[in-house]
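Swiss-Prot annotations:
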- Gly10, Pro11, Ala12, Ser13, Ser14, Gly15, Lys16, Ser17, Thr18: ATP binding site (BINDING)
Amino acid sequence: MKTIQIAIDGPASSGKSTVAKIIAKDFGFTYLDTGAMYRAATYMALKNQLVVEEVEALLALLDQHPISFGRSETGDQLVFVGDVDITHPIRENEVTNHVSAIAAIPEVREKLVSLQQEIAQQGGIVMDGRDIGTVVLPQAELKIFLVASVDERAERRYKENIAKGIETDLETLKKEIAARDYKDSHRETSPLKQAEDAVYLDTTGLNIQEVVEKIKAEAEKRM
């Protein structure tokens with residue numbers, strides 16, 4: 001079985017990270033959560049009270065405190081800036097509401113995309129984000145474009161937040177997700193869009209395992 005690159009793109013809370021992790025584990029591939037990288041950059045900007053115009057200061061912070069990944073004893077992904085574990089802080093609502101603005105900064109994307117491409121050279125990889133199939137891994141053997149209704153995605157995020165103890169209002173989440181969809185698909189640099197050769201998959205009404213099986217079937221055709 002040959003190793004391949006699998007690119008999974010889609011809007012916020014479409015289930016990308018959840019299915020990407022499972023697929024990577026099942027195939028023994030590396031999983032790279034690109035969204036966590038942009039969240040880490042956003043967390044650093046907020047913590048240092050930087051506004052989006054302060055690009056040089058943010059790039060300097062990213063150099064001083066490199067983003068890296070690790071594993072907990074239970075096998076869960078950990079996210080670090082420098083040697084500080086920021087796995088949980090980057091999922092807070094404040095970071096979620098600002099990440100689109102930071103991710104739209106061309107210099108930040110350029111820096112992180114370069115790092116993502118470097119990691120992808122190491123072999124079989126599953127990467128999820130907004131521009132993996134179009135910008136980061138345009139040569140990926142399998143590209144998936146995952147979508148789901150705003151209502152369903154808000155429900156998923158609501159349940160995730162409640163499970164993590166993050167106070168959340170469902171109607172507010174719906175508005176935030178719709179607003180983020182607009183920002184992500186209308187930004188000038190690497191907007192969210194389906195790659196021409198991507199497999200379109202609407203996950204509305206499907207459970208995680210059903211989505212995983214559909215993607216794995218597509219992957220196995222290419223191995």
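Think of each number as a place in line: the chain as shown, counted from 1.
Note: Cβ is positioned from N, Cα and C throughout, glycine not excepted.
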Using a 10 Å cut-off on Cβ-Cβ distances across all protein chains shown, tell me which of the binding-site residues (Ser14, Thr18) has the largest neighbour count.
Ser14
Cβ-Cβ distance under 8 Å, sequence separation of 6 or more, same chain as Ala12 (ATP binding site); the residues meeting this, in order, are Arg153, Arg157, Ile177, Arg180, Asp181, Asp184
What is the number of other Cβ atoms found within 10 Å of the Cβ of Gly10 (ATP binding site)?
27
Other CB atoms within 10 A, centred on Lys16 (ATP binding site)
27
Can you give me the residues near the recorded ATP site, meaning same chain, not Gly10, Pro11, Ala12, Ser13, Ser14, Gly15, Lys16, Ser17, Thr18 themselves, Cβ no more than 8 Å from the center of the site's Cβ atoms?
Asp128, Leu146, Ala148, Arg153
